[in-house]
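Here is the structure we will look at.
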Amino acid sequence: MFRRCAVKLNPYDVVVIGGGPGGYVASIKAAQLGMKTACVEKRGALGGTCLNVGCIPSKALLHATHVYHDAHANFARYGLMGGEGVTMDSAKMQQQKERAVKGLTGGVEYLFKKNKVTYYKGEGSFETAHSIRVNGLDGKQEMFETKKTIIATGSEPTELPFLPFDEKVVLSSTGALALPRVPKTMVVIGGGVIGLELGSVWARLGAKVTVVEFAPRCAPTLDEDVTNALVGALAKNEKMKFMTSTKVVGGTNNGDSVSLEVEGKNGKRETVTCEALLVSVGRRPFTGGLGLDKINVAKNERGFVKIGDHFETSIPDVYAIGDVVDKGPMLAHKAEDEGVACAEILAGKPGHVNYGVIPAVIYTMPEVASVGKSEEELKKEGVAYKVGKFPFNANSRAKAVSTEDGFVKVLVDKATDRILGVHIVCTTAGELIGEACLAMEYGASSEDVGRTCHAHPTMSEALKEACMALVAKTINF
């Protein structure tokens, strides 16, 4: 039973519902721009899926398991003997992951205090377009007025109707991050970012991992050259198995295992059994309990909140950003950019997000990073383009540290030389893609990048060389 609802009559300028990457950034920026701001988050910890059960914990496990796998597979060739004897303590690995998460969530809460953002721990919902009710985690209930509201409630994993998550053997990404032991066998349904990253984590630790993907290839939104290189590396280095053009038609949770019925493109069916099943078939917008129907906020047929060019919803003074909206990829950094831009717009300033220059990264080994158009997209759109490529086996730094897998691929407009897309496969692709984003944001040509001095020896020289290939010839290949 809740206590009587306390109503605060002094309205906030902005209330943000959701404290994930989009929500907490919007809250801080709004406060920095002089608006009285509150943020409502029901998780009890700021940072959303990304910080608590997504981007950050997965990167902690990816790093730890890479070091472990590298010790067993590669230390000897570096002249470091005994790597095969390195053992893994799963509990300590999980503890390190949790330390990273705790430190960062605490850091965001500190930033709220520093910027004078009022933080409500509880579930927020609309009473009216200008009244927000909070059911607090402490059992208290409050209601307050707001001039404007930003919906930033993010998304949640999509489950299979015949195999609901139990987070023991049928896992969402959350469960796959917290397994207490290494399963002997794991099947991953969905060969996208989450499936490939988390499948890789457990493959490195000894699980036999099979990825089942409905599309003809994994990560189908990425450039095909990139996908082929990544899948080849994962199959070779981590012994992952891939079943593409394959659909899941049924399955049974046996309590300690899962029996999965799959059908290939030839119509042949087979049963695959595994100790752990990771379901990563996408995410859906989280709007439950928000009261959007009460105030008639429009959503599309998939449940995403419809927004206009300035993040406005169908209801005046109600805005939305991040995974919950019907625009752009479902990525944390996209939500952050929207958070800044939306807050700026509410403060009467120009705010803008360039949806054509939002990078995507898969943090496997090697990593994959892309920004802009793929070659397949340019062909489909009928754009005349040129391709410049440079392999890392011709890069001095990659040679020196024995990380020669991969390449840089640059796509430019054939007439103007303007960069249209950059695709990278290498151990540090996620770090290198930033330069490509900056170049594209400012409308650079491949000649601009190719004639820019890069430090030697660095992996970044491969981007310079790929650009040089488009305007003259590469020097080192």
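Even glycines carry a Cβ here, placed using N, Cα and C.
Packing around His456 (active site, proton acceptor) is summarised by its Cβ count: 10 other Cβ atoms lie within 10 angstroms of its Cβ, all protein chains included. What Swiss-Prot lists as active site, proton acceptor is His456, and the listing cites similarity to another entry.
Here Swiss-Prot flags 41-50, Lys59, Gly124, 153-155, Asp323, 330-333 as FAD binding site, drawing on similarity to another entry. Close to Asp323 (FAD binding site) in the fold, though at least 6 residues off in sequence, lie Gly22, Gly154, Ser155, Arg283, Pro285, Phe286, Met330, Ala335, each with a CB less than 8 Å from its CB.
The feature NAD(+) binding site is assigned by Swiss-Prot to Gly190, Gly191, Gly192, Val193, Ile194, Gly195, Leu196, Glu197, Glu213, Val248, Gly282. Cβ environment of Gly192 (NAD(+) binding site): Cys218, Ala219, Ser280, Gly282 lie under 8 Å away, each six or more residues apart in the same chain.
Marked as disulfide bond by Swiss-Prot on the basis of similarity to another entry: Cys50-Cys55. Mapped onto three states, the DSSP output places Cys50 (FAD binding site) in helix. Remark: Cys50 (FAD binding site) has Gly20, Pro21, Ile56, Ala332 as non-local neighbours, by Cβ distance under 8 Å and separation of at least 6 in sequence.
Considering only the residues assigned to NAD(+) binding, Gly190, Gly191, Gly192, Val193, Ile194, Gly195, Leu196, Glu197, Glu213, Val248, Gly282, the longest pairwise Cα distance works out to 20 Å. Gly47 (FAD binding site): 26 other CB atoms within 10 A of its CB, across all protein chains. Under the DSSP three-state reduction, Glu41 (FAD binding site) is assigned to strand. Across the fold, the C-alpha of Cys55 (disulfide bond) and the C-alpha of Ile194 (NAD(+) binding site) stand 9 Å from each other. Each residue contributes its Cα atom, and for Gly44 (FAD binding site) and Ile194 (NAD(+) binding site) these two points are 24 Å apart. The Cβ of Gly190 (NAD(+) binding site) has Val211, Val212, Glu213, Val279, Ser280, Val281, Gly282 as same-chain neighbours under 8 Å, each 6 or more residues away in sequence.
Rounded to a whole value, the Cα-Cα separation of Ile194 (NAD(+) binding site) and Glu41 (FAD binding site) is 24 Å. Taking Cβ-Cβ distances under 8 Å and a sequence gap of 6 or more within the same chain, the neighbours of Glu41 (FAD binding site) are Gly18, Gly19, Gly23, Gly48, Tyr119, Tyr120, Lys121, Gly122.
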